[in-house]
Amino acid sequence: MTQRLILASNNAGKLKEFAQLLEPIGFELHPQGEFDVPEAEEPFGTFVENALAKARHAARLTGLPALADDSGVCVNALGGAPGVYSARFAGEPKSDARNNAKLVADLAQQGDKSAYYYCVLVYVRHADDPQPVIADGRWNGEIIATARGANGFGYDPHFLIPLLGKTTAELEPDVKNAHSHRGQALRALVEKLR
Ligand SMILES: O=P(O)(O)OP(=O)(O)OP(=O)(O)OC[C@H]1O[C@@H](n2cnc3c(O)ncnc32)[C@H](O)[C@@H]1O
Ligand SMILES: [Mg+2]
């Protein structure tokens, strides 16, 4: 049986990754934009609070179950920044190019380039669901100064996975999903929904 699910995100890169992960296992994904749901506020200092706010917002405006993702890149030498502020690290309007340029500049004088991607997923059956289903995932790597690769989105061209010898923008989409913070979180979430 296919299950209809609203994806509480306006990020096209996330949408592609979720479609590839969820459609083969029987979910019919609908981005919130299809229902004219505007971007939710993300005012909180934790990923999980922002993800819950996004999921409830989409479920409230569509009347359907919703899945939200809040994620980011956390750089150790920067005390975990940009973290929850990853999407707007270089200010408004959101720009991957300016975010990456700022990240590389901020790290130029640092020896430690280690970082990790973090993702929290929240699924709500309806807007006031008292038992949201929550799962997370983490993916270690390091930030490199020169962009490599054209796949993915966001910080991917600067996020190197030393074990694979590639940036996450050089990975095929299925390989990224097999390893990524988002893929890990989604597999854990799906286990909880069974
Ligand atoms: O809130 P929604 O609408 O889902 O879209 P968003 O892009 O604003 O998403 P977030 O608020 O969760 O911010 C996450 C940011 O972290 C970065 N990011 C998260 N996952 C990533 C990934 O897999 N590859 C590259 N960058 C990623 C990227 O800059 C995202 O914009
Ligand atoms: Mg956002």
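Glycine residues also receive a Cβ, built from the backbone N, Cα and C atoms like all the rest.
These numbers come from a predicted model, not from an experiment.
What TrEMBL annotates here:
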ACT_SITE  Asp70  active site, proton acceptor
BINDING   Ser9, Asn10, Asn11, Ala12, Gly13, Lys14, Ser71, Phe153, Gly154, Tyr155, Asp156, Lys176, His181, Arg182  substrate binding site
BINDING   Glu41, Asp70  Mg(2+) binding site
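For the recorded site, Asn11 (substrate binding site), the DSSP three-state label reads coil. Here the recorded positions are Glu41, Asp70, Asp156, and the one with the most other Cβ atoms within 10 Å of its Cβ is Asp70. Cβ-based neighbour count (10 Å, all protein chains) for Ser9 (substrate binding site) stands at 26. Non-local neighbourhood of Ser71 (substrate binding site): Lys14, Phe47, Ser86, Tyr117, Tyr118, Cys119, Val120, His181, Arg182, each in the same chain, at least six residues away, with C-beta under 8 Å from its C-beta. DSSP gives Asp156 (substrate binding site) a helix state. Among the binding-site residues Ser9, Asn11, Gly13, Glu41, Gly154, Asp156, the ones whose Cα sits within 10 Å of the Cα of the residue listed as 'active site, proton acceptor' are Ser9, in sequence order. Cβ neighbours of Asn11 (substrate binding site) (same chain, under 8 Å, six or more residues apart in sequence): Asp69, Phe153.
Annotation note: His181 (substrate binding site) sits in a helical segment as assigned by DSSP. The binding-site residues in question are Gly13, Gly154, and the one with the fewest Cβ neighbours inside 10 Å is Gly13.
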